[in-house]
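Enquirer: The structure under discussion is supplied below as structure tokens; questions concerning it will follow.
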Amino acid sequence: MVSKKTIEARKAYYNEDVVLSKEAHDFYHNLDKHGENHNLDKDNLKTIIFGSLDGIITIFAIVSGCVGAKITPTQVIIIGIGNLFANAISMGFSEYTSSTAQRDFMLAEKKREEWEIENCPSEEKQEMIDIYMNKYKFDSEDARNLVEITFRNKNFFLEHMMSEELGLIVTNEDKNECLKKGIIMFLSFAVFGIIPLSAYVAYTVFFGYTDYTTSFLVVFISTLTTLFILGLFKSQFTNQKPITCALYMVLNGMIAGMVPFLLGVVLKNNISE
């Protein structure tokens with residue numbers, strides 16, 4: 001999970017509490033020294049949030065459109081399950097391939113920069129001097145001093161240069177990590193995507209099917225409730241306030257659900273069979 005230091009620091013920021021902010025930094029500074037500050041992998045967190053939100057909204061939209069078009073419950077369930085797994089597999093594979101491509105590009109650029117630092121150190125230093133002067137407005141002497149200090153640690157200089165010059169963050173990702181991201185995306189999409197479908201199945205199968213409007217409302221309420229909770233969870237890792245983040249997710253879900261439902265109703269009433 002996100003570090004306690006970060007949670008306390010954000011709480012202090014939201015409340016404009018300087019004392020709490022200092023306490024959070026001072027207390028957890030000692031924990032950091034002993035390696036006790038555990039941070040959640042930001043890339044995996046991004047994958048989980050994106051996959052879960054995309055899953056629940058995508059399947060919600062599909063079910064809503066089917067219900068609006070007054071498709072039979074059996075057909076809705078078949079269409080929903082088919083789309084759930086098809087989209088989950090597609091999203092997982094896309095995450096794997098994009099992560100692999102990003103990793104390969106990053107490693108290729110890293111090797112190139114390593115070669116240039118080894119064979120053209122003066123030119124590489126001058127590039128960083130120019131960046132410090134042009135981007136950060138350091139004077140010539142300070143820029144050169146910074147470069148000479150950072151160049152003593154070749155790994156730091158390499159990673160810092162890749163970040164400043166190429167906009168790339170050096171990671172230690174291997175192909176197993178890329179595969180892991182793909183699996184996380186698949187599971188996130190599938191687990192949360194099944195929520196609106198499960199609500200529909202529960203209403204139509206276990207409680208008896210009555211009418212299309214009520215079934216839509218059941219799916220609508222269950223989906224928006226889940227999105228609200230996801231929004232609160234997401235706010236723990238962003239700079240948004242919990243309620244603001246949650247309401248934004250609910251608004252997104254409302255639009256994504258209402259549009260296909262209304263389109264289904266209109267098309268059903270205007271297209272002859």
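Yeah, the Cβs are placed from backbone N, Cα and C, and that goes for glycine too.
What you are looking at is a predicted structure, and each value in this text was computed from that prediction instead of being measured.
In case it helps, Swiss-Prot gives these features for our protein:
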type	residues	note
BINDING	E113, E124, E127, M161	Fe cation 2 binding site
BINDING	E116, E124, E127	Fe cation 3 binding site
TOPO_DOM	1-47	topological domain 'Cytoplasmic'
TOPO_DOM	69-75	topological domain 'Vacuolar'
TOPO_DOM	97-181	topological domain 'Cytoplasmic'
TOPO_DOM	203-212	topological domain 'Vacuolar'
TOPO_DOM	234-246	topological domain 'Cytoplasmic'
TOPO_DOM	268-273	topological domain 'Vacuolar'
TRANSMEM	48-68	transmembrane segment
TRANSMEM	76-96	transmembrane segment
TRANSMEM	182-202	transmembrane segment
TRANSMEM	213-233	transmembrane segment
TRANSMEM	247-267	transmembrane segment
Enquirer: In the same chain, who gets a Cβ under 8 Å from the transmembrane segment (76-96) while lying at least 6 residues past its ends?
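Expert: Result: 47, 51, 54-55, 58-59, 62-63, 66-67, 178-179, 181-186, 189-190, 193-194, 197, 200-201, 204.
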Enquirer: Counting by DSSP, what is the helix, strand and coil composition of the topological domain 'Vacuolar' (69-75)?
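Expert: When I sort the residues of the topological domain 'Vacuolar' (69-75) into the three classes, I find 3 helix, 0 strand, 4 coil.
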Enquirer: Taking the Cβ of E116 (Fe cation 3 binding site) as reference, which residues of that chain separated by at least 6 in sequence fall under 8 Å from it?
Expert: E123, E124
Enquirer: Using an 8 Å cut-off from the Cβ centroid of E116, E124, E127, can you name the remaining same-chain residues around the Fe cation 3 site, in sequence order?
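Expert: Close Cβ neighbours, site residues excluded: E113, I117, C120, P121, E123, K125, Q126, M128, M161, E165.
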Enquirer: Can you give me the residues near the recorded Fe cation 2 site, meaning same chain, not E113, E124, E127, M161 themselves, Cβ no more than 8 Å from the center of the site's Cβ atoms?
Expert: E116, I117, K125, M128, F157, L158, M162, E165
Enquirer: Drop a 10 Å sphere on every Cβ of the binding-site residues E113, E124, E127 and tell me which sphere holds the fewest other Cβ atoms.
Expert: E127
Enquirer: Within the topological domain 'Cytoplasmic' (97-181), what mean pLDDT does the predicted structure show?
Expert: 89
Enquirer: Just how many other Cβ atoms lie inside 10 Å of the Cβ on M161 (Fe cation 2 binding site)?
Expert: 23
Enquirer: What parts of the chain pack near the topological domain 'Vacuolar' (69-75), using Cβ distances under 8 Å and only residues at least 6 beyond its ends?
Expert: 200, 204-205, 209, 212, 215, 264-265, 267-268
